[in-house]
Structures are given as C-alpha cells and as structure tokens.
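Residues or ranges marked as active site in TrEMBL: Asp154. Positions annotated as active site, proton acceptor by TrEMBL: Glu219. Summarising the annotation, TrEMBL assigns Mn(2+) 2 binding site to His152, Asp185, Asp248. Annotation comment: TrEMBL describes Asp185, Glu220, His498 as Mn(2+) 1 binding site. According to TrEMBL, the domain 'Peptidase M20 dimerisation' annotation covers 270-417. Under the heading site 'Important for catalytic activity', TrEMBL lists His281.
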Amino acid sequence: MPAVFVAGDREVSSVEAAHGISRPLSARHHLSFLAFLLLLDGGMFSPSSPPTGLLEKVFQYIDLHQDEFVQTLKEWVAVESDSVQPVLRLRRELLRMMGLAAERLRLLGARVDSVDAGLQQLPDGQSLPIPPIILAELGDDPKKPTVCFYGHLDVQPARQEDGWVTDPHTLTEVDGKLYGRGTTDNKGPVLAWINAVSTFRALDEDLPVNVKFVIEGMEEAGSPALEELVQKEKAGFFSSVDYIVISDNLWISRRTPALTYGTRGNSYFMVEVKCRDQDFHSGTFGGILNEPMADLVALLGSLVDSSGRILIPGIYDHVAPVTEEEKRTYEAINLDLEEYRKSSQVKKFLFDTKEELLMHLWRYPSLSIHGIEGAFHEPGAKTVIPGRVIGKFSIRLVPHMNMSVVEKQVKQHLDYIFSKRNSSNQMTVSMTLGLHPWTANTRDNQYLAAKRAIKTVFGTEPDMIRDGSTIPIAKIFQDTIQKSVMMLPLGAVDDGEHSQNEKMNRWNYIEGSKLFAAFFLEMAKLH
C-alpha cells in the first residue's frame, strides 16, 4: 500500500504526490492529523481510560460525523447575525438565525417556543424587532436531573476590510482552525451542545438527563427582554430546572480545559466638565479661562496610579479577603506567563508572578479609562479648546463590593479633586451602568460532573478559573431561579472572540461535543 502523508487539509499518497494529486482528508485521517498537530503544540491529552459501552458509541459517532457538525457550523456562520448595528437588514438576518436554530431543535424532537421579545426603541425614534428568545425542552422524566443550557447566536460586527484574512461569514478551515465570526462566540458552543443531544438521538438512546435550552439573539447588545423573560418564566419554564450551564467564555490556556466559577461586575461612569456648549479658539481664549479638558485630565489622572492601584478612598474596603484554599487554586492553574505575555503582544505586565496576575485579573477590582467625548481626535492640528468634554471610565467589581457604595465613593472623590482646582467650570458625575459580580459554589454536583467529564474526554484536571469580564446572565439566573450556575467554556484563549480572525479549533469543537455528552452521563450518575 502506498505511504500516506498529510499536506494542509489534504491527504496525499506517495504515488499521488509524484503526480501532484491530493484528496480531501477522511474523518479518520482528520483525527490523526489533528492529534499530530496538537501533540506538536503540547495540547493533546490522552483520556484517563478508554471510553466503554454507551460512551464509546457516542464518541465514535461524533468522530465519524464531525464533518457534518462542521458543515452545520459553516451554515450558521454564513448568517450575518449582527445585533450591535441597528439596521433592518441585519435584524432580518438575526430573525433567520433564530429560525434555523428553532427548526434544528424541533428536528431533534424538542418542544420549542419562540417567545416574542417585542421591539427595540432606538434613540432616533425608530424601532426594530427584537429576535424571539427560544425556550426548548427535551424530556420531562422526574427521575432525571434537568439541565438548562444558555447560549446566544448574535455576533459582533465583522468586515474583511477590518483586517480579516478570510471572509468573516464564510467558515474557513486552516490547519485545524475554523475561522469565522461567531465560531467561538457563541455559535460553536451552542452547536456542540446540540451535537451532543443529536448523537444520543441518532443512536436511539435515551438522553441521560432532561435538557432545556434558552437561546437568544441580542446578547452582544445587552440582552434586552431576557431578564424580564426569566422573571416571567420562573414558575413556568424554569420551575423544573436543576442546573444551568453557560458556555460563553474561554479557557485561560490554549491546551488545558477550564471550568469558570466567577466573573467580575462592572460600574460604568461618565464625568462631564463644561464651560459652554461651543468650543473656543485657543489663540483668542487660551490663558484666560479654566479649560474643561485640563480639568478632566486632572480628574481622570486622579483615579488610578501607574501600578494599577485604584486611588479612590475606601474602594478596597469590602473586597473579599484571599483564602488559603483560593491561593492553592491559582497555583494549580496551567499558565505560562511568558507565553501569555507574548500572545497578548504586551511588552510587560504589571505583575511578575502567575498568581499575582490572575488575582488582579479576576478577584481584585480594576479601573479602566475608556475615552473622552467632545475632544478633537481627528488627524491634523486643530487649535481648539473644547467647551464641554465627557470622560468615560469603569470599575470592574468583585465580591463583596457594594455597587451603591462604590458610586458614592467615586462621586465624593471626584468632587474633592475638582474642588481643589478652584475651577469655574461645571462638573457632573453619573453612573450609567451597574452589573454585579458572580461566583458559584464549585462543590455543586454539576461542577463535580463536569470535572469528571473533562477528565474522561481530555485526560486532565481542568483549570479552575474566574473571568475578569462581566456576563450578567449568570447572576440573573442565580438570583432569580436560585439554582446552580456553571460556566463550561469550550474555546481556547487565542480564539479571538470579538476580534479579527475569530476562530475555534476543530479539536475544541468536536471534543467539546463529546464533553457535553459525557457531562450528561456524569450528571445522571450523580443525581
């Protein structure tokens, strides 16, 4: 038999190579090629023990049908479901996307309700339809646990001319990487969950758990109508839910799977300094008035020092103390600090150890200055004094910080700094957004089940991580339904969600589908 080797995503025999012929990779060779790539990258783990029985059948089915799963992801990526730009054409694409998802769930035998979410009112007085929120369920066996999965199918804007190597709405596979907008955030993880369910269906096997889906199309635009729906359905759709799983974030590594048990909250502030509504000519007025920009720069400069420490008095008073158990969690996380720095394209971080970096990213508050509205920012040299400017900054909140206390502390601090300048300008401070932090109990059954499933599929213990950003729905679910919420990410740290060339590795997508299937079985054992 001629020797076979791999070139790109084609398999080539020695005979064919001599004639310049190649053919598409078979599923079997796709697997061996991916294993080879990941071993080179240090990213392939061997399962702790080979799967047997039903699990073996499930894994084999997913391996053999992986190209079909990728093809479905390609069809979903092709839908430009951008919720950020309030344009009727894109809103129609969103409606089409939700329709595709609802139909796919119906084909699995799910009871699907596409809930009317009303209209989105725009600042210009126009309104656009909010895509329906999908509530779907398979199974109602009272002896089984009911696991509810939350995901979203809307995406951030993406254009090839913004720096994409490929068309962002055409799924393109290069060296085992599936490039396209929404692959990792969040269409890939949503489909991985559906793939796990469809595999049990295809094998004519009972689902080990009752499964529910909450899928929306406006997450990137702030999820209007979702919280209201969760409140409304608390005693209805959600009454039988035991556990909630969210897969809308990433690993901290390119290689090691993770479980996420906490996120930071966010308080967003605007500070306006005003002399008058019109700008001034700096030659005519420079030197004879308090310039709003100078006041604002002084105010923003008083918020945080060069080491990243927030300078607002009292801001750290209610931050949860670090426990010894928590310290050990950070020590166990698989993170190469130098590799992380290089992949982030940062010359130097503020902290020199893995533990310090992770704690300041996840469990300590941070303050970021985002921009100035009203200032001249175009190319060229315009000699203008802005008459009115607005500074924008936010504070990422952590347990046990109180949002109203933080708002008061910020206002008092800025009032004090402004008063010291003896400026004749007017200053106004407002908090425009307030989102609470979220933490979970990692001793809950579903965290234990997920750890076991990760060990089965990936052959390693997961990194137990937090997320420095804010995912409001986790806190909404936890407070409203009062059931365990877990984040089970599938994407690698370099997937580039919201960025150019967003991707999900084929390996993460396919092994993630297996992970969800194994998770179902582990949940059934523990319940």
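Using the three backbone atoms N, Cα and C, a Cβ is placed for every residue, glycine included.
Each of the recorded positions His152, His281, His498 was scored by how many other Cβ atoms lie within 10 Å of its Cβ, and the smallest score goes to His281. Each residue in the domain 'Peptidase M20 dimerisation' (270-417) gets a DSSP state, and the totals come to 55 helix, 29 strand, 64 coil. Sequence-distant contacts of Glu220 (Mn(2+) 1 binding site), defined by Cβ-Cβ distance under 8 angstroms and a gap of at least six in the same chain, are Asp82, Ser83, Val84, His152, Asp154, Val155, Gln156. Reported as a whole number, the C-alpha separation between Asp248 (Mn(2+) 2 binding site) and His281 (site 'Important for catalytic activity') equals 49 Å. Ranking the recorded positions Asp185, Glu219, His498 by Cα distance from His281 (site 'Important for catalytic activity') puts His498 first. Taking Cβ-Cβ distances under 8 Å and a sequence separation of 6 or more, the neighbours of Glu219 (active site, proton acceptor) in its chain are Ser83, His152, Asp154, Asn186, Asp248, Ile473. Sitting within 8 Å of the Cβ centre of Asp185, Glu220, His498, and not among those site residues for Mn(2+) 1, are the Cβ atoms of Val155, Gln156, Gly182, Asn186, Glu219, Glu497. Confidence for the domain 'Peptidase M20 dimerisation' (270-417), expressed as mean pLDDT, is 95.
Geometry remark: His498 (Mn(2+) 1 binding site) versus Asp185 (Mn(2+) 2 binding site), CA distance 8 Å. Highlighted in sequence order, Gly151, Asn186, Pro189, Glu219, Glu220, Ser247, Glu497 have their Cβ within 8 Å of the centre of the Cβ atoms of His152, Asp185, Asp248, the residues recorded for Mn(2+) 2, and are not part of that set.
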